[in-house]
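Taken from Swiss-Prot as is:
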ACT_SITE  His362  active site, proton acceptor
BINDING   8-11, Lys22, Gln72, 77-78, Gly139, Glu154, Asn169, Asn227, Arg332, Lys350, Tyr365, Asn376  UDP-N-acetyl-alpha-D-glucosamine binding site
BINDING   Asp102, Asn227  Mg(2+) binding site
BINDING   Ala379, Asn385, Tyr386, Ser404, Ala422, Arg439  acetyl-CoA binding site
REGION    1-229  region 'Pyrophosphorylase'
REGION    230-250  region 'Linker'
REGION    251-460  region 'N-acetyltransferase'
Amino acid sequence: MTNYAIILAAGKGTRMTSDLPKVLHKVSGLTMLEHGFRSGKAISPEKSVTVIGHKSKMVRGGLADQSAFVHQTEQLGTGHAVMMAETQLEGLEGHTLVIAGDTPLITGESLKSLIDFHVNHKNVATILTATAQDSFGYGRIVRNKNGEVIKIVEQKDANEYEQQLKEINTGTYVFDNKRLFEALKCITTNNAQGEYYLTDVVAIFRANKEKVGAYILRDFNESLGVNDRVALATAETVMRQRITQKHMVNGVTFHNPETVYIESDVEIAPDVLIEGNVTLKGRTHIGSGTVLTNGTYIVDSEIGQGSIITNSMIESSVLAAGVTVGPYAHLRPGTTLDREVHIGNFVEVKGSHIGEKTKAGHLTYIGNAQVGSSVNVGAGTITVNYDGQNKYETVIGDHAFIGSNSTLIAPLEIGDHALTAAGSTISKTVPIDSIAIGRSRQVTKEGYAKRLAHHPSRSK
């Protein structure tokens, strides 16, 4: 069995009120177009064709080289859009899935069931349908007394009886590929909207006594077509629930799953504990046994097993096992932390590698640095890495001790087991086993404070 897929992505999406094409709006980290394309891969299509139109270059970039593309210059209806794909699929034997690019909730499992149903029943066309409590606005499935599908009627063309029908067209179909394009040559624009309806091919098939069927979705949410921001928010809510439920089934504990945002490509190992208001985005991986406390935000990062991240932000970073971060820490892109590193409250790290068991507990900035293992970085330490034009590197050896309130002016190297005195400004190399002191000598003037205006004795 050879399968093909057509994704309809040419529309502007006026009701979105956006400069961004509708299909490029995101749901749980992926564009609606990407969601549809990924779901369509469940049928293993030999060829996928995406129909583009409005801002076609931008939409094309959303799938890059994963699909063939055809251009619909004028948006003259769904039937006209599918006609554009004939140049790619004409004359091919097999079954063609047609899916709208604005239905992000449709699952691969449902599409696989749809095409299996189509093949097993030897249909020339199979419609994916759903039962709606309120069917207003949807195309209605019209059946005869024997329960056979005889046509699909759009809302504007439906009579009073048809408007009462609850079975609706989801806009997803499977067709015999050759018969699809033959039937499309017979449809007209003789309807309320003056468009070429793809749904009109159903009546054509029936007139030729060809078999048409319908596969009914179990979950109505999958049928959601996103046409405005309200529907986009609904899709986001449903997708978020799906994602958290998937992770819970796989052994992840959530204290308050309704408040957690996890994108589609995030991977979480079993026995992770996630508190409320946690955000996980992009290609993030969380290792087993890790704890993410309230307010943590992680994007495109790898967190090693058994780590504890407390109310902190982590971006494009790699953390080994047993790391502790926070509260209120910020790991910026390019940060690598080895095993059992501790990054404490109000510490910022950027573009740096920090060796195992090193600690930076408080109020510190480490940028463009190579820090060895078992280093103690005292509170208030700053790596001065930027001169207004270029960034420079600081290198700190193993077992070094950086005193509190040290200012390290790069480029700089501090050797193994070296020490900088608290309050020092260090701008020259500190050799192995050395102590560097870079501060003014303290001068104490006894009794002098009594001469100052703030002293209590001055108010008498």
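Glycine too: its Cβ is placed from the backbone N, Cα and C atoms.
Values in this document were obtained by computation on a predicted structure and should not be read as measured data.
Residue with the densest Cβ environment among the binding-site residues Asn169, Ser404: Asn169, by other Cβ atoms within 10 Å. Looking only at other Cβ atoms within 10 Å, the busiest spot among the binding-site residues Asn227, Asn385 turns out to be Asn385. Of all the binding-site residues given, namely Tyr365, Tyr386, the one with the smallest number of surrounding CB atoms inside 10 A is Tyr386. The CA atom of Leu8 (UDP-N-acetyl-alpha-D-glucosamine binding site) is located 14 Å away from the CA atom of Asn227 (Mg(2+) binding site). A sphere of 10 angstroms centred on the C-beta of Ala422 (acetyl-CoA binding site) encloses 16 other C-beta atoms. Between the CA atoms of Arg332 (UDP-N-acetyl-alpha-D-glucosamine binding site) and Asn227 (Mg(2+) binding site) there is a gap of 36 Å, rounded to the nearest whole number.
The number of other CB atoms found within 10 A of the CB of the residue listed as 'active site, proton acceptor', across every protein chain shown, is 15.
Checked against Ala379 (acetyl-CoA binding site), the binding-site residues Ala10, Lys22, Gly77, Asn169, Asn227 differ in C-alpha distance, with Lys22 being the nearest. Ranking the binding-site residues Gly77, Gly139 by how many other Cβ atoms lie within 10 angstroms of each Cβ puts Gly77 at the bottom. With respect to Cβ neighbours within 10 Å, the binding-site residues Lys22, Arg332 differ, and Arg332 shows the lowest count.
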